[in-house]
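Asks: What Swiss-Prot shows for this protein is this:
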- Arg20, His132, Thr355: substrate binding site (BINDING)
- Gly107, Tyr108, Ser181, His209, Thr238: pyridoxal 5'-phosphate binding site (BINDING)
- Lys241: N6-(pyridoxal phosphate)lysine (MOD_RES)
Amino acid sequence: MIEDHLNTELAEIASAGLTRRRRVLETPCGRMATVDGTNLLNFASNDYLGLAGNADIARVLADGALQWGAGSGASHLVSGHLGPHELLEKEIAEFTGFPRTLTFSTGYLANLAVTPTLAGRGDAVFADKLNHASLIDAMQLAKANGAEVQRYPHNDVAALEKMLAASTAAHKIIVTDAVFSMDGDLAPLPLIFALAERYDAWLVIDDAHGFGVLGPHGEGSLGHFNLPASPRILLMGTLGKAAGVGGAFVAGSETAIEYLLQKGRSYIFTTAQPPAIACALAKSLQLIRDGDALRANLMDRIGQLRDGLAGLPMKLLPSPTAIQPLIVGDNDAAVALSKALWERGLWVPAIRPPTVPKGTARLRISVSAAHTEADIAQLIAALKELA
């Protein structure tokens with residue numbers, strides 16, 4: 001039968017304790033979630049500023065749909081680039097300090113547009129080993145284009161420099177997450193940027209988990225490290241995490257963005273997002289810009305969680321961000337701990353291989369500005385009870 005090999009692989013996934021299943025939420029994304037009639041404190045989403053359920057954003061989204069219709073009808077380069085898209089791109093450029101941006105339907109598509117478009121035969125890509133899956137796929141596409149691809153040990157700047165120094169490639173592209181999605185740690189961007197300058201390389205930064213959260217006004221990891229909007233940087237940010245809506249952008253120089261517009265396949269051959277999404281994101285951007293209190297509360301809750309879990313036998317990785325990984329190790333043990341928390345009204349997902357390396361199954365605790373001091377205290381108490 002044609003499906004036999006699929007059933008065999010599915011059985012292997014199940015026997016390894018790696019079967020994934022979707023949870024159907026009966027309430028909007030927010031601090032609380034209702035699943036199968038159970039009310040839960042939500043520590044699973046990437047809604048870092050609590051904007052996904054923001055009523056003002058929702059009203060702008062609805063008004064935008066009434067004014068601009070339900071869909072864009074085409075790709076950006078045919079007839080799908082409407083006024084709200086153009087306005088949003090200009091506002092993101094101003095906010096991030098770059099001359100120009102392009103918007104995409106997802107961060108995955110944005111990442112697929114950048115590295116494979118920049119890198120071809122005779123070029124070289126240098127990528128952190130813990131980069132997001134979308135960056136890994138982008139790297140593979142660059143390899144298919146003829147580029148040489150090397151992966152350096154996680155955040156190992158010395159190893160990266162050795163690779164750059166030994167390379168004779170015509171063009172060099174360094175690719176890294178800014179905040180690593182499963183560990184929550186930061187890339188040493190000032191050191192990596194210095195290497196990009198020294199070896200005349202592009203620096204592609206995925207700031208999916210930094211945009212809106214880090215920096216003096218939420219502008220992201222570059223602001224956090226006080227780095228310039230350099231012409232050699234291409235910055236990707238997602239708009240469905242801290243921004244609370246959906247989509248992504250790539251920011252860069254006028255020339256680099258024009259090049260992506262002309263040659264980026266995942267930009268050219270994708271229908272543009274509904275214009276109402278762009279309307280909602282313009283409102284979200286305003287709330288991020290004015291969101292100092294939200295970010296301050298988020299950092300307070302992160303500090304409270306880390307202080308409260310400091311004595312646990314399980315290792316809490318050294319993350320300064322909203323992503324707080326608690327290493328359990330064994331796949332089944334991680335799932336069992338997640339289930340026990342669920343039974344106590346706390347939704348904390350277990351993350352297992354292949355998303356993370358074997359032997360490092362973990363709880364991925366996502367902290368939000370919407371969480372209260374009491375919420376964090378409840379989670380700490382439950383983990384101490386179960387540890």
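Just so you know, glycine gets a Cβ as well, placed from its N, Cα and C.
Keep in mind it's a predicted model, so treat the numbers as computed, not measured.
Quick one: how deep are these features, and who are their neighbours?
Replies: Cβ environment of Arg20 (substrate binding site): no same-chain residue six or more positions apart lies under 8 Å away.
According to DSSP, His209 (pyridoxal 5'-phosphate binding site) is assigned to coil rather than to any helix or strand. For His209 (pyridoxal 5'-phosphate binding site), the same-chain residues that are 6 or more apart in sequence and have a Cβ closer than 8 Å to its Cβ are Asn46, Tyr48, Asp177, Ala178, Val179, Phe180, Ser181, Gly184, Lys241, Ala242, Thr321, Ala322, Ile323.
Of all Cβ atoms in the shown protein chains, 27 besides its own fall within 10 Å of the Cβ of Lys241 (N6-(pyridoxal phosphate)lysine).
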Asks: For Ser181 (pyridoxal 5'-phosphate binding site), just count the other CB atoms lying within 10 A of its CB, please.
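Replies: Total other Cβ atoms inside 10 Å, all chains included: 22.
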Asks: Inside 10 Å of the Cβ of Gly107 (pyridoxal 5'-phosphate binding site), count up the other Cβ atoms and send me the figure.
Replies: 26
Asks: Cβ-Cβ under 8 Å from Thr355 (substrate binding site), same chain, 6 or more residues apart: which ones?
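Replies: Spatial neighbours, sequence-distant, of Thr355 (substrate binding site): Met182.
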Asks: Round to a whole number and give the Cα-to-Cα distance in Å for the pair Thr238 (pyridoxal 5'-phosphate binding site) and His132 (substrate binding site).
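Replies: Thr238 (pyridoxal 5'-phosphate binding site) and His132 (substrate binding site) have their Cα atoms 13 Å apart.
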Asks: Using Cα coordinates, what distance in whole Å links Gly107 (pyridoxal 5'-phosphate binding site) and His132 (substrate binding site)?
Replies: 10
Asks: Does anything in the same chain, at least 6 positions from His132 (substrate binding site), have a Cβ under 8 Å from its Cβ, and if so what?
Replies: Asn111, Asp177, Ser181, Asp206, Ala208
